Amino acid sequence: MSAEVKSIKAREILDSRGNPTVEADVVLSDGSFGRAAVPSGASTGSHEAVELRDGDKSRYNGLGVHKAVANVNTSIASAISGFKASDQQGLDNLLIELDGTPNKAKLGANAMLATSLAVAHAAAASRHMPLYRYLNNSEEYILPVPMFNILNGGKHASNSTDFQEFMVMPVGAKSFAQALQMGTEVYHSLKKVLKGMNQNTTVGDEGGFAPSLPTNKDAVEVILKAIEKAGYRPGEDIFIALDPASSELYQDGKYTLATENKTLSSAEMVDYWCGWVEKYPIISIEDGLFEDDWDGWKLLTRKIGNKVQLVGDDFYVTNIKRLDRGIKEKASNSILIKLNQIGTLSETIAAIKMANNAGWTAVVSHRSGETEDTTIADLAVAMNAGQIKTGAPCRSERTAKYNRLLRIEEELGGKAKYPGKDAFLNLK
């Protein structure tokens, strides 16, 4: 006998940037309980599902989510009452139907996702299973290689480089626990290196440092120095990953790199990345080009797609229609997975499966405005995604995910595999 949804209650809570977001509690007919809170992004893709905000300037500068909360507590609550909690696909289809818009503008992706995830958590509790096992009851699981965002620029930090995120990936680790240790040691090493340069060591939205560096290359150089000072070998133990968030640099058909006084065409931007990949131990570039620069993406993939993971975030917005086009046109070789870009768990899982079936990687990701919710850690393990991007090893809303992964690895024991370089399916 499968438990049914008895009640759902949503509320407005705060995210890690001090902005309101939606949290939902679900209780099933057998008393099982599930809770989920949704994150929110700073640099958002224009094709993302709609995050419903109140727009009432007298509360939270217009960012309140009373409308989304009310949607959960009224129309969604009555629609899902008595619904079989284990039928996730059916539940998500019902939410999509109830919303009835192509981009979830009526109910809000934040209202829908809070519901979708809270029901999944409750259904897992009903079966006395951790969420990752409920989503995929397997004999063996792959723990993700973490992407640690240790140096911030762009929209995540107000006084730094053109590019948004400079990350390290401990590809040479033997376990997730060791990867976390390596990433954390490099993070502390970077702090010392920056202090030695009389640089600011305050942290950005995702826990990375936000120094004032003269050029974008200086950011990479300072990280390479930090890796070595921590006792690791760049390009063997630890690789660099980038998220320049290039849509933020694009205007009128050109890419503007303000710190370098450069304005580049699409083909020149591709050559710029090719030069960086030649020079530095870079294993992954996310959103290296504007979200609608399809020709540029195809050119970049033709040139370096066999040696670097090219991840689409704003480019695909976890949307299978855009992803399907990307696969057909060979426009990248990886997708970033953000639950709140699409708004339901089932659609998120469908995007991961579509990427994997094409031989692409799927990187499960947080947002810059996070909560203490750890669903993405379980999702990464359940889907054997092999990679997770959830900030620096600093700030509790980031470390909550890493700590959840430590517990999962411990719980799985010999059934947990850390993939290292095997996580990058398409690299020669």
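Placed from the backbone N, Cα and C atoms, the Cβ positions cover glycine too.
Binding of Mg(2+) is annotated in Swiss-Prot for Glu286, Asp313; the matching candidate from Asp237, Asp243, Asp252, Asp271 at the same site is Asp243. Among the candidates Lys195, Lys338, Lys417, the residue that Swiss-Prot annotates alongside Gln164, Arg367, Ser368, Lys389 as binding (2R)-2-phosphoglycerate is Lys338.
Each residue contributes its Cα atom, and for Glu286 (Mg(2+) binding site) and Glu206 (active site, proton donor) these two points are 16 Å apart. With respect to Ser368 ((2R)-2-phosphoglycerate binding site), the closest of these recorded positions in Cα terms is Glu206, chosen from Glu206, Asp243, Asp313. When the binding-site residues Gln164, Ser368 are compared by the number of other C-beta atoms lying within 10 angstroms of their own C-beta, Ser368 comes out lowest. Here is what falls inside 10 Å of the CA of Arg367 ((2R)-2-phosphoglycerate binding site) among the recorded positions Glu206, Asp243, Asp313: Glu206. Using a 10 angstroms CA-CA radius around Lys338 ((2R)-2-phosphoglycerate binding site), the recorded positions that qualify from Glu206, Asp243, Asp313 are Asp313. Each of Gln164, Glu165, Leu242, Pro244, Ala245, Ile285, Asp287, Val311, Gly312, Asp314, Leu336, Lys389 belongs to the same chain as Asp243, Glu286, Asp313, is absent from that list, and has a C-beta within 8 angstroms of the C-beta centroid marking the Mg(2+) site.
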